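**Student:** Sharing the feature lines straight out of Swiss-Prot:
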| type | residues | note |
| --- | --- | --- |
| BINDING | 10, 11, 12, 173, 211, 232, 233 | substrate binding site |
| ACT_SITE | 99 | active site, electrophile |
| ACT_SITE | 167 | active site, proton acceptor |
């Protein structure tokens, strides 16, 4: 896992039961990509469906990922919340933390994201922390400062396995893609920060998550310190998503 390329598809608020089943069955014919860890982050209501399909149809070749988790650690009067323990019950393996849309629409900041990270780790799941700067922050030359602040929640966590997705907010859903030089700079910076915060013996995966498509995936995977991709809209298409997986396998 920690020496593979990761390709995680984030469905966001998309999916229906019938369409999900059809997609899972199409994956039956896709050849095994031994060098790639594949995951799908579905809406919570579909996690158990995906997990069961992955066991029955795909022999666990694709991991179940959740898009979010509650900041509250235990059961209680938190209407609408889903705890880390509940996600574990669905067979979830990986949990996204701090996606830019959670910050944009729900105002989530470091304190909440830290609590979510701890909850996920406490039940044995893998958190995937999302970090990234806005266009205004990049144009002001503050991208390193912003990312360092977001990564600071990693300090003191009881884990030696750190997964981060760098998602420049200005390149999500806009059709814009950071240059190879920009991606290389930010991923190298993130690696350096993680090692400083967590120690030299930590295992690291840093994914790129800014409008990854079938036609740019190979170039992105060739960038130093890019360990995979967090894929948005392209993960809803079997052909596009499997093309990205193939690019990772061949990187």
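Heads up, the Cβ atoms here are built off N, Cα and C, so glycines get one too.
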**Student:** Could you say whether, by DSSP, residue 10 (substrate binding site) belongs to a helix, a strand or a coil region?
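**Tutor:** DSSP assigns residue 10 (substrate binding site) to strand.
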**Student:** In terms of DSSP three-state secondary structure, what is the assignment for residue 233 (substrate binding site)?
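**Tutor:** DSSP call for residue 233 (substrate binding site): helix.
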**Student:** Counting other Cβ atoms within 10 Å of each Cβ, which of the recorded positions 10, 12, 99 scores lowest?
**Tutor:** 12
**Student:** Which residue, of the binding-site residues 232, 233, has its CB surrounded by the fewest other CB atoms within 10 A?
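**Tutor:** Among the binding-site residues 232, 233, the lowest count of other Cβ atoms within 10 Å belongs to 233.
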**Student:** For residue 232 (substrate binding site) and the residue listed as 'active site, electrophile', determine the Cα separation and express it in whole Å.
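**Tutor:** Given the Cα positions, residue 232 (substrate binding site) is 11 Å from the residue listed as 'active site, electrophile'.
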**Student:** Mind giving me a neighbour count for residue 167 (active site, proton acceptor)? Other Cβ atoms within 10 Å of its Cβ, every protein chain shown.
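**Tutor:** Neighbour count, Cβ to Cβ under the 10 Å cut-off: 25.
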**Student:** Return only the integer: C-alpha distance in Å from residue 211 (substrate binding site) to residue 167 (active site, proton acceptor).
**Tutor:** 9
**Student:** Run through the Cβ atoms and count how many others sit within 10 Å of the one on residue 211 (substrate binding site).
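**Tutor:** The answer is 22 other Cβ atoms.
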**Student:** What number of additional C-beta atoms lies within 10 angstroms of the C-beta atom of residue 11 (substrate binding site)?
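**Tutor:** Within a 10 Å radius of the Cβ of residue 11 (substrate binding site) lie 21 other Cβ atoms.
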**Student:** Measuring Cα to Cα, how many angstrom lie between residue 233 (substrate binding site) and residue 99 (active site, electrophile)?
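**Tutor:** Rounded to a whole number, the Cα-Cα distance is 15 Å.
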**Student:** In Å, rounded, how far does the Cα of residue 11 (substrate binding site) sit from the Cα of the residue listed as 'active site, proton acceptor'?
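**Tutor:** That comes out at 15 Å between the alpha carbons.
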